[in-house]
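Straight from TrEMBL, the features:
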DOMAIN    2-286  domain 'Heme-copper oxidase subunit III family profile'
TRANSMEM  12-33  transmembrane segment
TRANSMEM  53-72  transmembrane segment
TRANSMEM  93-118  transmembrane segment
TRANSMEM  138-160  transmembrane segment
TRANSMEM  181-200  transmembrane segment
TRANSMEM  220-244  transmembrane segment
TRANSMEM  265-284  transmembrane segment
Amino acid sequence: MGRTGYQSLQHSAWPFEISLGVVGLASSIVMLLHGNMGIWIPMWYDEVSGMVIMFYFSIFILMHSIISWWMDMVFEGTFMGDYTSFERLNIRWGFKLFVLSEIFFFFSFFWAWFYSGIGEISVKFVGKWPPVGVKAIYPWRVPFLNLLLLVSSGMFSQASKWAVSCHSKELDTKKSGHYKFAALLSMMVSILLGLLFLWVQSEEYYWCSYTIADGVFGSSFYMLTGFHGMHVMVGLGFLLVCWFRLLWSHFSFRRSFLGLQNAIYYWHFVDVVWIFLFIFVYGWPHKLLTGVWLWTY
């Protein structure tokens with residue numbers, strides 16, 4: 001370590017366990033959507049029960065591996081001091097590449113959305129997007145409220161990061177306590193706004209006039225917004241872990257707050273994805289893009 005700047009860490013099984021949980025969760029969801037693809041477990045009477053068991057078991061594996069991995073990283077970086085400047089640089093770039101992979105993940109679903117929509121409207125005389133019989137959600141009510149909630153949550157999370165940055169450089173105990181309180185308060189407001197976003201989104205799903213089974217419009221809409229909602233849940237878990245670490249003074253004087261930075265970068269990514277969803281998924285069916293183009297022209 002003295003020559004290279006790197007510390008050899010113990011082998012971890014959590015990435016493999018996370019992959020098992022993700023595969024099991026995705027497979028169970030696909031089988032639940034297609035009833036004839038279920039698995040049969042002898043102790044249960046139907047295939048649906050087996051799929052539900054697989055779904056909850058995959059969630060348990062996923063949550064166990066994520067929590068365990070977080071605990072190991074906090075222990076290694078905060079209490080053991082195993083993360084040198086070189087390793088923090090690797091973690092920072094690794095997380096940026098992870099966010100890049102998430103960008104391409106959503107890019108594939110946006111591609112399907114645009115491919116289907118442009119294909120529909122290119123049919124002469126009869127082509128429409130959304131298709132005939134589907135009433136798209138009006139963008140300037142619930143979707144715009146969600147936009148305000150998520151963007152405001154991102155602003156408060158950024159304020160928390162600024163407070164932590166000042167807190168980690170301040171030696172005066174009194175001023176440091178003020179910065180810590182500001183960081184805790186801003187992060188809590190950010191988490192509450194994110195939870196409110198999920199509740200409003202669930203209400204939108206409940207009152208929506210179309211389902212995932214209503215053609216390519218419904219399936220693309222729910223895949224895009226549903227996967228975004230799952231990423232919001234992951235981001236909220238990330239922020240909640242950082243809130244407790246703030247409470248336990250893990251980001252005190254001259255300590256690295258790389259975990260908080262990565263959490264807020266991820267939260268900003270979730271914000272940007274929702275902005276694109278608002279413009280292209282909610283706004284395009286209501287000619288929002290046409291109005292913007294005419295205004296700029």
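Note: Cβ is positioned from N, Cα and C throughout, glycine not excepted.
Here the structure is a predicted model, which means the values were calculated and not measured.
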Recorded stretches the transmembrane segment (265-284) and the transmembrane segment (53-72) touching, at least 3 CB pairs under 8 Å: no
Non-local residues, at least 6 beyond the ends, that sit with Cβ under 8 Å of the transmembrane segment (93-118): 129, 216-217, 220-221, 223-224, 227-228, 231, 262, 265-266, 269, 273, 276, 280-281, 284
